[in-house]
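What follows is a short report on a single structure.
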């Protein structure tokens, strides 16, 4: 099993669950700190064993990142704009996804230790983002669940003050929804009649989604080499196709709150399946065109599927949202 993906079974869940206890802001800082440490250790690895452990640590960070950041976004953004704002937050990540293959093509052939430069670059970027996260406010919904009403009011008051300076008067405040405090272990909140079926369906969805993303698309360069493509050629074709990350992310930002999430997710999944079939065709017919188009559609579908993260977060209560997300994925 890929040590990077062991995050699905190990302490990524622990970090995510801790954010239900200790707060989203602290969880965001801790998981990015773990990711930064793992990337730095990977760059400095002295053996294959050290590299495997380092990548395992990196996986811990990035796995909890997915659950905590989407929980935070679902709690800090207004419902009518949640999909669009989450999508725009992803656009920056899509730009990074799109640039990574091109950076790798420059750095890795540069010297025998070019791969260390890639890991080091990831560590530097993560440490910079770590500083930015320290300025984020805590989730007011999480504060309310923990009974810290005064702190929640202070966070909201600061948001209102900022918004008033930017846009003037604010719309009327809707009636508050009832909030149930966390009374036990967060994951126990999920195994009941109300949330159990949702958890099962979402877990199955993410299982098959990651099987496609990591099991097929993630190992595409190696499968293409086995099929007779030169490694550098395969990476170049995939790099060209990675423009789909940006196109998919920007396209989704315009419709993320216009359609139901489940229809958007189904559309993205369909595109991903078509892209995978084109990968298969590229292997069978040694076609550079099919490979590039397949890479584009795979990247497009990945960015286009961000509403799946939003949808998953919205299906669990605040008191156990990060835990539910972590179990599902």
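We number each residue from 1, going along the chain as drawn.
Note: Cβ is positioned from N, Cα and C throughout, glycine not excepted.
Keep in mind that TrEMBL annotations are predicted by a computer and have not been checked by a curator.
Per TrEMBL, these features apply:
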type     : residues : note
DOMAIN   : 1-329    : domain 'Major facilitator superfamily (MFS) profile'
TRANSMEM : 28-53    : transmembrane segment
TRANSMEM : 88-108   : transmembrane segment
TRANSMEM : 114-132  : transmembrane segment
TRANSMEM : 199-222  : transmembrane segment
TRANSMEM : 234-256  : transmembrane segment
TRANSMEM : 263-282  : transmembrane segment
TRANSMEM : 288-311  : transmembrane segment
Interface present between the transmembrane segment (88-108) and the transmembrane segment (114-132) (three or more C-beta pairs under 8 A): yes
Residues from the same chain, set at least six apart from the ends of the transmembrane segment (263-282), whose C-beta lies under 8 A from its own: 205, 209, 212-213, 216-217, 220, 223-224, 227, 248, 252, 255-256, 288, 290-291, 293-298, 300-302, 304-305, 307-308, 311
The domain 'Major facilitator superfamily (MFS) profile' (1-329) [mean pLDDT, rounded to integer]: 84
